[in-house]
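Annotated in Swiss-Prot:
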BINDING   29-57, Arg99, Asn138  NAD(+) binding site
BINDING   Arg106, Asn138, Arg169, Thr249  substrate binding site
ACT_SITE  His193  active site, proton acceptor
Amino acid sequence: MASTIKEVFAEIAAPVENSHGKVTVVGVGQVGMACAYSILQQNLANELCLVDVVADKLKGEMMDLQHGLAFTRHCTVKADTDYSITAGSKLCVVTAGARQREGETRLSLVQRNVEIFKGIIPQLVKYSPDTCILVVSNPVDVLTYVTWKLSGLPRERVFGSGTNLDSARFRFLLSEKLNIAPSSCHGWIIGEHGDSSVAVWSGVNVAGVTLHEIKPDIGEKTDNEHWEAEIHKKVVDSAYEIIKLKGYTSWAIGLSVAKIAQGIFSNSRNVFALSTNVKGFHGINDDVYLSLPVVLGSAGLTHVVKQQLTEAEVQKLHNSAKALLEVQNGIVM
């Protein structure tokens, strides 16, 4: 084969092997592969590495993506159980983790995932010390905190997918109620990616028209149009419903992760609702990870948007922080 290659090509300089647009995805389950596929399909990376502990499935997923490369912009797809393959990654996306067993407490699930992360995070940092780490595994807020502690990286380079998808679901449901495009609805879900998330009704607007000014009790118990029940509750329940119907969620989170990756590679400075260390914001004084709107660039997070929340929204955010802090404090690192 080498002689044939020499007959085809005349080398004038050695090829560059290291990549400046490299993404690693850890975990090749439904979510991990949805992330990998979305990144590949949107031509965001020139090298995509997959890592998992199940060698056969890992190889199969790699081959399946490789066989589609003729239909995309060129991207090198690699896979291995050895983390050395991840060296030089600009972004590491962590989707691996244990699933909740029937009757298992949340803290028990978190602790099992902590043990898994102990084998993942130090390896990623070892081979890519300048990387940004995006945590997708659930419970995402607590595991992002765990990742920050295990990695030793500055807090701006460790963040979770958080309520970015929740915010997208929120806008979609608002768009259905208002009969306009989701991209024309502006609204945010902050706090925990989970049951204690907070819908920022005070900021929901269409073309600068704030719904809260038109209907001051929107989202509150006195709201006779039941916006909270019809919109926010559906946001919280939607993942449970999808899991009940098809067994897992994958495509929407994959698209969300691809959009975040695009923000890093293009240094677009878009605002996303990502899980970050919220100490010092909205009166929270502990190292707890929750989602707030943040500005994302090529080196990670640069700013937190200082939303003007109502007293009720701040209190709900504090309740969310308290619930997550209790879980964090129970973790054995």
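A Cβ is built for glycine as well, from the same backbone N, Cα and C atoms used for every other residue.
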The residue listed as 'active site, proton acceptor' versus Tyr37 (NAD(+) binding site) - Cα distance in angstrom: 23
Cα proximity to Met33 (NAD(+) binding site), best match among recorded positions Asn138, Arg169, His193, Thr249: Thr249
Integer Å value for the Cα distance linking Gln41 (NAD(+) binding site) with Thr249 (substrate binding site) is 19
Applying a 10 Å Cβ distance cut-off over all chains shown, what neighbour count does Ala45 (NAD(+) binding site) have? 28
Between the C-alpha atoms of the residue listed as 'active site, proton acceptor' and Lys57 (NAD(+) binding site), the distance in angstrom, to the nearest integer, is 29
C-beta crowding around Asn138 (substrate binding site), within 10 angstroms: 23
Integer Cα-Cα distance in angstrom, Thr249 (substrate binding site) to Gly29 (NAD(+) binding site): 11
Would you mind listing, in sequence order, the residues at least six apart from Arg169 (substrate binding site) in the same chain with a Cβ closer than 8 Å to its Cβ? Ile189, Lys234, Val235, Ser238, Ala252
Where does Lys57 (NAD(+) binding site) sit in the DSSP three-state scheme? helix
I'd like the number of other C-beta atoms within 10 A of the C-beta of Met33 (NAD(+) binding site), please. 20
Quick one: of Gln41, Thr249, which of the binding-site residues has the smallest count of other CB atoms within 10 A? Gln41
Could you state the CA-to-CA distance between Gly29 (NAD(+) binding site) and Asn138 (substrate binding site) to the nearest Å? 13
Spatial neighbours, same chain, of Cys49 (NAD(+) binding site) - Cβ under 8 Å, 6+ residues apart: Lys22, Val23, Thr24, Val25, Val77, Lys78, Ala79, Asp80, Ile85, Thr86, Ser89
